[in-house]
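Some features that TrEMBL has for this protein:
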DOMAIN    198-469  domain 'SAM-dependent methyltransferase TRM5/TYW2-type'
BINDING   287, 325, 326, 353, 354, 386  S-adenosyl-L-methionine binding site
REGION    479-501  region 'Disordered'
COMPBIAS  492-501  compositional bias 'Basic and acidic residues'
């Protein structure tokens, strides 16, 4: 015991000078005990006797409220690139209550905010010394330094006639008990960002790893699969979306290499080959926002439809839908998803270049729709152009797009055009670029919506506007202009008429 106290004095000074640099009065026994535990864990056999009887009583408690290391895996996993689950095993010290088994369920409801909550960890375990009692594991962060419960918790224990004595228990944590972020933070070099987030598409976890994480990519992929039920494949994007068909190359990090997946968005099911089409689950809210603007009977032209996240819910809402995509794979899965969701007969599908789609089916249908317009007509026309990298460049198609007499502004088609922007004022930037292609001002005639932040200093925007009549319709000459003959066919002032010759 004397040796331990000498070590305590030495460790306290070490804590003071090298770790916390605080006054000696701020150095507590629990903090030093942590240091001693970490030290003696490395000494073979030191805790052998303790581990044989892992439950014992101690009047002091480790002060864990500021101890972020409590749930950290074994330090030897640092730098691991091939997952070794056994290496994450570690023993920590937690407070426990000894409770009669017949009152366990009622007690847990009352102490639910105080019990230990860890993935895959039971809150109640057998008492090795008393078969009529159970040990209730408590969260060390919720227990005071005096190793006692708060007044409210003690009152609860009194109601159940439970001894408020809190004891200490050696708890073995394994890989299964650690969270994804805790595992990755322990493995990656200290100070580096830990990415535990991903986009889920059915059974696929889609990650965007940074360069410093690439040496650990296969381990990260496997951890994501292990810690997320239903995920059986993890992939990493290895290039940006820069091809004609808007899909990107990806690498399977772990699990099965099955890219055909099924997912649900806004109560609608979609199936597709994730490696060959474009799908972004983060656009779910935006898809819903546009659909909310539509009413039954409205007409929707989806220029870059993909596998149908705008077109299919619009058809479900009893709109008339024209959907197009240039990618043959997207078109194939668009047809499949229309049948899957029983809207096959409600959507006209096209596999064309976006510009050709606008100049062909869209122009034809708009001409037909606008010729039938009356003041009593209540349905509206919408054109969705979701190709943020290029869509804004297609707006010049609408210049003098239609023949005929301009109609009422309220009946003009509304365009929802998406674009990326790295400008300090992305709304202004997108509006100015749209105006440049339309060759008209949209001031006071458009709205811009921030869809999402794509990357630092890069926003995805949606600009919505009714196509101005002076842009959409070809200029019509006045009746006076049409009655005047061309100069080449008019007589010159000094020229005799044929009859006078």
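Just so you know, glycine gets a Cβ as well, placed from its N, Cα and C.
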Within the predicted model, mean pLDDT of the domain 'SAM-dependent methyltransferase TRM5/TYW2-type' (198-469): 93
Cβ-based isolation winner (fewest other Cβ atoms within 10 Å) among the binding-site residues 325, 353: 353
Which same-chain residues, if any, lie at least 6 apart from residue 287 (S-adenosyl-L-methionine binding site) yet have Cβ under 8 Å of it: 265, 266, 309, 310, 313
Which same-chain residues, if any, lie at least 6 apart from residue 354 (S-adenosyl-L-methionine binding site) yet have Cβ under 8 Å of it: 303, 304, 324, 326, 385, 387, 391, 394
Neighbour-count leader, CB within 10 A, binding-site residues: 326, 386: 386
Site extent for S-adenosyl-L-methionine, whole Å (max Cα pair distance, 287, 325, 326, 353, 354, 386): 22
